[in-house]
Amino acid sequence: MPKPTVSYICSACAAVHKKWSGRCDACGEWNSITEEAPLSAGPTKKSLGADRGRAIALKDLATEETPPQRTKSGLSELDLVLGGGLVPASALLVGGDPGIGKSTLLLQAAASFARAGLSCVYVSGEEASAQVRMRAQRLGLSDAPVKLATETNLRDILTTLDKERPELAIIDSIQTMWADNVDSAPGSVSQVRAAAHELTTFAKRTGTAVVLVGHVTKEGQIAGPRVVEHMVDTVLYFEGERGHQFRILRAVKNRFGPADEIGVFEMTGRGLSEVTNPSALFLSERDKPAPGSAVFAGIEGTRPVLTEIQALVAPSPLGTPRRTVVGLDSGRLSTTLAVLEARCGIPFAGLDVFLNVAGGMRVTEPAADLAVAAALLSAREDVALPPDTVVFGEISLSGALRPVGQTENRLKEAQKLGFSHAIAPSRAKAGGQTGITLRHMTDLTGFVGDIFGAG
Ligand code: TYD
Ligand code: MG
């Protein structure tokens, strides 16, 4: 039977289908199936020889392999997110919206690593050399010892990299690369997958650390299949709100360090500058305490970060009131509203609710529940929360408050920023030496009564 000339691949999960359909059976995603040429149009690779796949007893590994030697870039926020520096032979994926600053970040990173002594090659598939040069000039990096290549043909790039054998190679972006043995357009699932596979294999084989830049689709996924995320060791997302100058580099997967670590940057006229004290930055726009505002003492990765949670509650002209959330999970807002209504008798029916994390930050910790509830109640009752107070704690469906981890760190950070009181679930260990007065709460009803004199 002749081979089919096209196949249908889901761009979300890379499942292959016999025919097109509106919804992928494998992952349930709508409108994700695209028509593509089948893989393996090119010659198959020979085995690399028996020695390459040699198995070694675990106890013998210690003597044969030394732990990876990390290199620090000197950009402390980047090093933090990487888990202490760049690991040789690792493959990284840096995803983000177009225009968020990925190329800027990576050019700065390349220059920093080059100045730290690594040989670096920056491959730009999107911009001409003149454009990259102009950017380097603007960033004050014209004299950085980084080699630049403008190329999109994967075969040529691999040949160049094989010749140069740099310690760091940056591929900007994976969507512009095309392998000539794959018969579909650059940016398609098969091309992205083939290029990512070749480049990560190159990293493992030669010891070069390879950074792949990937654009994300409007649904927030790396364009092309999720499988690219599985191929690499580390996945970083570069995120930020359009109107804000703050940018957050977040590790969503890291084989060599803690996931969920964030690095905070500020986009300036001369590139990205590091923000080493994110709490001060996120709270810097805060006016005097107003109804609807609560300061959440959170933990991002390994360090505490204070953010302001803002809520607005207004009578709704609509049959189904609006629930608009920026920077938080909308599911958790619904849960918190339901718990407030069912356990504390405070209804939000007929009211529009807007919830926002100030500064373009995204908060994913369940410990933010109590701060969200505090902001919502404060907005609804039109009562400002006590000033100089931070809030944290998880709310369970019964309305009980659950203690969260790292109380001490949260309190220390709050004290550093001039706060003197904290509201937290009971059993949270008192921060004895932090000098913060801790108000313990056991359940949401008690919290409402105590803070708002209602319930
Ligand atoms: P860029 O790195 O090209 O984004 P990406 O590679 O993610 O598509 O950054 C583009 C934006 O950054 C652009 O809108 C201009 C802005 N920018 C600055 O504000 N300052 C700078 O020094 C540079 C280089 C860019
Ligand atoms: Mg770019």
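Yeah, the Cβs are placed from backbone N, Cα and C, and that goes for glycine too.
Residues annotated as domain 'RecA family profile 1' in TrEMBL: 67-216.
Marked as ATP binding site by TrEMBL: Gly96, Asp97, Pro98, Gly99, Ile100, Gly101, Lys102, Ser103. In this structure, Gly96 (ATP binding site) is part of a beta strand by DSSP. Around the Cβ of Gly96 (ATP binding site), 24 further Cβ atoms fall within 10 Å across all displayed protein chains.
Packing against the motif 'RadA KNRFG motif' (253-257) from elsewhere in the chain are residues 68, 70, 81-84, 87, 90, 229, 232-235: each is 6 or more residues past its ends and has a CB under 8 Å from a CB in it. Annotation comment: TrEMBL describes 253-257 as motif 'RadA KNRFG motif'.
The feature region 'Lon-protease-like' is assigned by TrEMBL to 352-455.
Summarising the environment of Ser103 (ATP binding site), the number of other Cβ atoms within 10 Å of its Cβ, over all protein chains shown, is 22. Mapped onto DSSP helix, strand and coil, the domain 'RecA family profile 1' (67-216) counts 63 helix, 33 strand, 54 coil. Fewest other C-beta atoms within 10 Å: among the binding-site residues Gly99, Gly101, that description fits Gly99. Just so you know, of the binding-site residues Asp97, Pro98, Ile100, Lys102, the Cβ with the fewest other Cβ atoms around it within 10 Å is the one at Pro98.
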